[in-house]
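Copied over from Swiss-Prot, here are the features:
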BINDING   C59, C61, C74, C77  Zn(2+) 1 binding site
BINDING   D527, D529, D531  Mg(2+) binding site
BINDING   C922, C997, C1004, C1007  Zn(2+) 2 binding site
Amino acid sequence: MSQKGIKSLTISIASPEQILSWSKGEITKPETINYKSLKPEPNGLFDESIFGPSKDYECYCGKYRKVKHKGKVCERCHVEITESIVRRERMGHIELAAPVAHIWFTKELPSPSKISLLLDITYKEVDQVVYFVNYIVLDEGNNEYDGKSIFNKKEVLDLTSPKNSIRSRNKLRRTLRNIQERIEEELNHEREALIQDFDYRLAVTYDQMLKDSNIPFSVKDVMAFIEKHTGVRFGIGAEAIHELLEKLNLEEEHEKIKQAIQNSPNAYDQKTKRLLRRLECVRWIKDSGSKPEWMVMTRIPVTPSETRPIISLDGGRFTTSDTNNFYRKIIIRNERLKQMQATDAPEILLDNEKRLLQEAVDSLFDNNSRKKPVVGKDKRPLKSLSNHLKGKQGLFRQNLLGKRVDYSGRSVIVVGPELKMYEVGIPALMILKLFRPYIISELIRKRDEFGNEIQPICANIKLAEQKILAQDDEIWPVVEKVIKQRPVILNRAPTLHRLGIQAFEPKMVDGKAIRLHPLVTTAFNADFDGDQMAVHIPLSKEAVAEARSILLASWHILGPKDGKPIITPTQDMILGIYYLTKEKFPQPIEEMILKDPVQARIEFINHFHIFATQDEAIRAYKLKTIRINDVIGITTKAFDNKSFSKEGILVTTVGKIIFNQAFPTNFPYINDVKNLYGDNQFEIIGMHESILDYLKAYNLKEPLTKKTLSTVIDYLYKVSEIEVVPQTMDKIKALGFKYSMISATSISAFDIPSYDQKYEYFKETDELVAKLREFYLDGKLTDDERYTKVVQAWSQTKDKVTHDIEKLINSDEYKDNPIVIMAKSGARGNTSNFTQLAGMRGLMSKSYNYDQKNNSGVIKDTIEIPIKHSFIEGLSVSEYFNSSFGARKGMTDTAMKTAKSGYMTRKLVDSTQAVVIKGNDCGTKEGIIVREIRNTKDNTSIESLKDRIVGRFSINPIYDTKNKLIIEGDKLITNEIANMIQNSGIREVEVRSPLHCSSLYGVCQKCFGLDLSTNKLIETGTAIGVIAAQSIGEPGTQLTMRTFHTGGVAGDTNITQGFERIKQLFDCIQPQENEKAIISQVKGTVDRIEKDSNTNGYNVVIKYNKDNFVSYPTRPNAVLRIKTGDNVVAGQKITEGSIDVNDLLKYAGIENVRHYIIKEVQKVYRMQGIEISDKYIEVIISQLTNKVTITNPGDSGLFVGETISINEFTEVAQSMLVNKKKPPSAINQVFGLDHAPSKSGSFLSAASFQDTKKILTDAAARSQKDMLIGLKENVILGNLIPAGTGLKDVEEVIAYGEEMYKKQY
């Protein structure tokens, strides 16, 4: 422990002495509380003398009842006078009458268990010994036959199963005959003497009994007899295991196993694998300082009584925690066993009782691992201690990582267009509840801010509470004052990324709904159809400062996943801005242009108004001299601080003048979408230029759409101070709402364009489908080929319809159509909606099990009969049925996808949560070579070179093709430089990457580069692991669940895409046989490609190393990616499909694996139009590929099969080389997301993810120390996380918060 909290945490196996040191007393009675007095029973499970008093400072008998007696122990009832909270931490213990094996060390999945590995006996044999089924040899004694010992130490004798017992019986009989022979020798084979000898007769009798398996006999007696004569000792139950573990010499065992591994001929057979696991286990226990016999318990701890309470229900009944039932059972059986031992009961009864005790303790620790778990009254298995740790409802996830918090509330959200960017409207009732303590403190305050005495509004707390309850008029000014003191934090579930939680300054509003600023809805993914949001209040000064400086909504301009503005206006606002920035010819010219375009342009000058100032132009609009969209002229001098390329008359509209007033005065004038902030000389009529000539050639400019507005905001963010952006956005929001109202855009069914051309296409396609059916019936086509061609034909028909409708809505006829305006501006709707409204609905998908084994090779997940009608025409009954079928499938898919995507995000976070920015520069000279990502199949660009290198650091100087320096090494590649590199024709660039950062923990600033959400160098302490996981997980729900056709002909592979493909890549799942690509294992040249008539596939023969050949047979209908004479490298695709990552690692190395995963992940996301920065994918991949497995330890002290991080391995190897010792060697490993978290090095973080029991067992066996490097382990222990403000001083955080607070407008 330190001032700042816990520094590290170690877990180990508890010794009996340690259990005793925790305990405050032994529990000997199974009673809990007295049914009359309801007080805890002495020596029972709730005994006050052991666990502490039930009431603060009051003993059991009532002799002492005040704080003044604190620390005394009552003479009568022996209860210490202290606070009752100690009942949450004080423990008791139970002295067991017989040793009991800990179930975690006997039953472990995946087996073998720790005890099984230490004693080198099978998992099943341990089980049989512990549960009193079979005996184990404790000492082989002096008992030989043919010069060999009959029994081996730790051999398990099976006398119960009819099949396996013959061998054990024969061994016992052999021993008995040995005894007979020995006695015969002693008595010189005299018959009389032998008959008289009791032991001889006994040996003969036992031999007869063992010969016939039907004769019952006492195993105990036989074994006691054998022990007396030969010294061979047998044992049963946990006692026997305890004795064997006690006598185990770990040093000897360690050396023995090591020798056996060295002598092993094959390093990969099962025997060697088991030896390696044994070596690992023995070394763990040896190095941990624990003793192996502690795995068998002689006493067990009793958890504090408050952690397993008894709760009284209505009607005088009680309910109790399941743990108490387990403890009761243990105590009853333990006490019964003690009594039996005291009365010398028969061995068979004692063994049975010991077995029952073993089972009782097992069910306490892990009830579900047993074949028949202990069940309650409702036949439900009771919750054991293991169940309390595991799963979503377990201790880790329910209580330690996520807690319910005070000072919070939730309500429905409605839109609040009148709010500023950083404000939220909170209902008055909510404020009274949430801010209650602060309001009361203000109401009873007796001094003002300057320390002067003042008359309080209320004399005491009670009166203040009454005033609040009555909602007295006097309290409202106080409430207004109080809510200015601290912001509130809003959260919308599901919180998929960090923008799901933001802070706002509260404003009191009427009603019961929270009013939310319309621009933050995108970040929260909120809409106003009944969504609810939770409100939290930061209490401490640090929390308030953090909320204002970091969490405040107005600082979240860019989305962290792609660095694009996330506060772009939507819907109504876009419609308003579109209307405002639209251009029209003056009204008379507009009418004339349809009849006589040439004359209209000449006449234009007579209606072209020129203004001297902005106010003059706006006044003319208000007086209705001109319309808001009419093209007008205004002198450039009317704009004081704006710079123009020349002086003259700017050709614009009143709408654009109003729009530009929202921006800072020095921001460029936005007039033309195509030329947002560059050279605007073509928009200005110069001093000596002809106005008539200019107007004759004038073409109307496009208005601003959602896309172009986003670019403007992006530019604004780049050139302005951070506090200017939210102010501007609020002005744009206000303009948007105002002018969407003025534009009076409405919608009606008659606005939808009419379109009849489709019936001709239908006629053609129907004829083609009929023809295909004939071909199928004649046997010219298979059913699969027919199906594929039909689906293809209808898809092409729909494409034609879509093309026609696009042409229609882009025509002049529909330019003022409200629905078209909505779609064009980006406010609502798209071409697909038009196609379905006016054209045809097209093909629908149907439910299909993608995992099924399919001989046809074609996935039939589309109904082949299309829906020909549009929604305006109305659907027929069968069309309506198919349509509903498809729509419902869409709904279920969405629900399934949300759950799967959420789980994937959780796995991603767990894998990367410890990755934090550490230090400025790790000094690495390695980087990754980055090229444009192209889809090699159709040669289209997936991600440009510019997108991949912007915001990163170069490794070496970069020169263009003329050898001119573009950028030096170790410098940041900005947007401008990235453009220069791309335009200069350079194909590849080496840049710094998180994949090669040599920081021991985390990543350095230079290997990461710019922070996408601020466009500045990433700050140290940023938790990029979590941000990366959220950036990849959050858009996961937008990915499809379908396995797409790659279209067209059968034989083209159906490759898993969308969400399933991402899962396949990150979890390292092998692709199915029918979609797996064959890759070359060697570097060489394609010698020949032969068609295989038997399999209908190909044989691809590759020549390598001058005259060696290797042949790759492909599956039927495989699509080849190479041709004869091509040069191939190891890891290159020979056929289409998905590569198995493990194969790629084997033949092409880890770098190729990393590049392949980046490329494939980007392919999936970008095909869906989702942009994610490469850097985030690299952070994830670095966590999946940063481990190596030791193949040869050298002199390092590591052992074969051990998995450690690359950076640790490098450090060990370097120190070995420096000291002239033999360094270790290792191979790279790729772990899927399921296994990566458990390899993190922190047992707390791993145990809170999955496999809690296994991870804690392993950690305890090796006395693992958790250095608390990641975020989760610190959250669990209640420390500040080692990231962000958790690394700064409190004063620094508060000062920064106050500074940012001043920037509010």
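Keep in mind that glycine also has a Cβ here, set from the backbone N, Cα and C atoms.
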Nearest of the binding-site residues (C59, C74, C77, C997, C1007) to D531 (Mg(2+) binding site) - Cα to Cα: C1007
Fewest other Cβ within 10 angstroms of its own Cβ, chosen from the binding-site residues C59, C61, C922, C1007: C61
Neighbour count (Cβ, 10 Å) for C77 (Zn(2+) 1 binding site): 17
Binding-site residues listed as D527, D529, D531, least Cβ neighbours within 10 Å: D529
Cβ within 8 Å of the mean position of the Cβ atoms of C59, C61, C74, C77: remaining residues of the chain near Zn(2+) 1: E48, Y60, G62, K63, Y64, E75, R76, H78, V79
Mapped DSSP class for C1007 (Zn(2+) 2 binding site), helix or strand or coil: helix
List of residues, in chain order, with Cβ under 8 A from that of C997 (Zn(2+) 2 binding site) and at least 6 apart: C922, T924, V1003, C1004, C1007, F1008, S1182
Non-site residues, in chain order, whose CB comes within 8 A of the mean position of the CB atoms of D527, D529, D531 at Mg(2+): I413, A526, F528, G530
Any further residue of that chain within 8 Å (Cβ to the Cβ centroid of C922, C997, C1004, C1007) of the recorded Zn(2+) 2 site: K918, G919, D921, T924, R992, P994, H996, S998, S999, V1003, Q1005, K1006, F1008
Where C77 (Zn(2+) 1 binding site) sits in the secondary structure, as DSSP reduces it to three classes: coil
DSSP-derived structure type at C59 (Zn(2+) 1 binding site), helix or strand or else coil: coil
D527 (Mg(2+) binding site) and C74 (Zn(2+) 1 binding site), Cα-Cα, nearest whole angstrom: 63
Rounded inter-Cα distance in Å - C59 (Zn(2+) 1 binding site), D529 (Mg(2+) binding site): 58
Residue pair D529 (Mg(2+) binding site), C77 (Zn(2+) 1 binding site) - Cα distance, angstrom, rounded: 63
Inter-residue C-alpha distance, D527 (Mg(2+) binding site) and C61 (Zn(2+) 1 binding site) (nearest angstrom): 62
Neighbouring C-beta atoms (10 Å sphere around the C-beta of C1004 (Zn(2+) 2 binding site)): 22
